[in-house]
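All remarks here apply to the structure that follows.
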């Protein structure tokens, strides 16, 4: 079925398409290239990506730009499913083949661009289903004729059509059948050799018409005249491009248009002699031409215009000439004799025409002039004085003046010259050499729009008029703006050196502010609060520091959540710092809570840390961890000092250091018992009578270490405790309720335990004396060492009965002397 269909559609090249169809089937398993460059509005920009075939995109796409790729063919299934597509751009691809049903599914397509490709033939079946198409561009393809049957027969809604190119050489009657009206018609027919009169005549109404007729004007003025005649209507602007007018014969095609009473004529890219201009003015003599535009003109001759001065062109209301090159300029006299053409127009533009002066005499002729544009010429302050006749009353109806792009240097001069124009509302003096702004300047009270962009101002003075509604100071060297302009509605400050937004207090009625490409780092809600009526802001393309406040503010404004619209779009707001965010669009930045709410984060963190610390402290206090830490720290310090001492002595010396039989650890509250009972009993010799009647000591006295008398004054008490334990053979603990409540007693108990455990002592256990009944269960659990000692070591109890005390002392003495009995 596919082969038969190809045979009917393309006849002799059926085999070629058979091969392509087979090739397509063989490649169905290959992955089709895809393009995902689609924005939220479903506009897919896939241009300049090197695609060799139509890539796959979302089926919901509304616009698909495939320009400037390497697509050579569009197959029947490349665009299947794109029923919502409205714009398809394929220009600049080298496209040579389009399947007849390639566009069948594009029922909603409104714009199709196939220009600058390699289509040698236009097949009407390719366009037969595009009934919604409104714009079609077929320019610069190598087809020599449009084809039959008519290619555009089904395009009933077509309103803009562009066709032709360097290969088009034939236009026949009926080629544009089906087209009933057009808003724009463009035909590139520079090499057209055959034209049937009336081919374009049936299109009505017809809007703008552009005809490129270089070849016909050179070799076949009859053909050129026929084409111009077919499109000449009083209300249809005609643009003729790429024409060469030399001699009387070359202007004859305009006689057809003159008879049709055309009103709008534009000549673009035209080479013309002074003689041909005179002949053209003669042909158009008396024609109600209201607008005459000449662009990109190459002028030859010597400037003789006498014959033209007798023609009538009072109907011309607008005269525009742009980009003039005069060959043999040194032989050319002047254009003064054409001054009569400026007597009646209301709008005159002479742009980039090397004009250095317009004599004051000519200015007197401009009786009706309201718009004068002399931009991009050679005017200076001196010649501007001559052009505007100084302070002489001329151009009294002028409303718009444009002197941009001239070598003007004195702002006071131009302000003084225009002050006389009582109706002037717009003044453009941009791209000049102004660098200094005087403190005051005269201006007409009617001036509302002032453009001084592209100058070299570094400061603003009250020279600017207070009546301005629109002010453009872009591309200067300004850093600040504090001048009060009460009625200003629009302010343009792009391309300057502003570090911050100017204060809105100076512009109470400002609605639009443009401040792109400055040195702004950031701005926020507080910076805009002084602007009472600001609606549109363009502040992109600056070196933004993406702080939390700036990012949140811009993202809110870009989403339309604020009261100000950022009209330059999301792509203009790019982070420059910090480094890790450099190059990222502001609307895609996501900053952490830690960075954006540091005070809150620190407060919460500190509060949480304080709560945990308090909770931990309470827990540690309940388990008495602080006391243990304090004790361990003191013990470690004392242990270090002890080791240092031991390193300086050997074992024998260690034995020599022992000077006490026992170190007595007791509570200060139990000092009475120690001093009244323990010390006298153990340290004082006890006498006994023998059978012979002599007295002798019943036992040898013992030496005790008591903190009251034996601790060295001025030494740290912990060191004293450790020294006492080291220098004593045994340690005696006087246990009581007072002992348990004493911190120092607990230190002594633990130090004694650590000393014994370390193996520095003789290995003899401590001796415990209970002054009062005290069981292990009565001791708090935090005193786990004491509880352990009471479970593992035999202790002595102080008897309350006197008769048992002798046995108590004997047992204690034996324990201190190491006597097992």
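Even glycines carry a Cβ here, placed using N, Cα and C.
According to TrEMBL, the disulfide bond annotation covers 38-44, 360-389, 441-463. Under the heading domain 'TIR', TrEMBL lists 658-816. Marked as transmembrane segment by TrEMBL: 599-621.
This view paints the features noted in TrEMBL onto the structure.
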| residue | record | Cβ contacts under 8 Å, 6 or more apart |
| --- | --- | --- |
| 38 | disulfide bond | 44, 45, 57, 58, 61 |
| 360 | disulfide bond | 386, 387, 388, 389, 390, 392, 394 |
| 441 | disulfide bond | 411, 412, 415, 416, 463, 464, 465 |
Note = Tertiary contacts of the transmembrane segment (599-621), defined by C-beta under 8 angstroms and 6+ residue spacing from its ends, are 593
Task = Note down the number of other Cβ atoms within 10 Å of the Cβ of residue 44 (disulfide bond), including every protein chain shown.
result = 23
Key: Mean of pLDDT values spanning the domain 'TIR' (658-816)   = 73
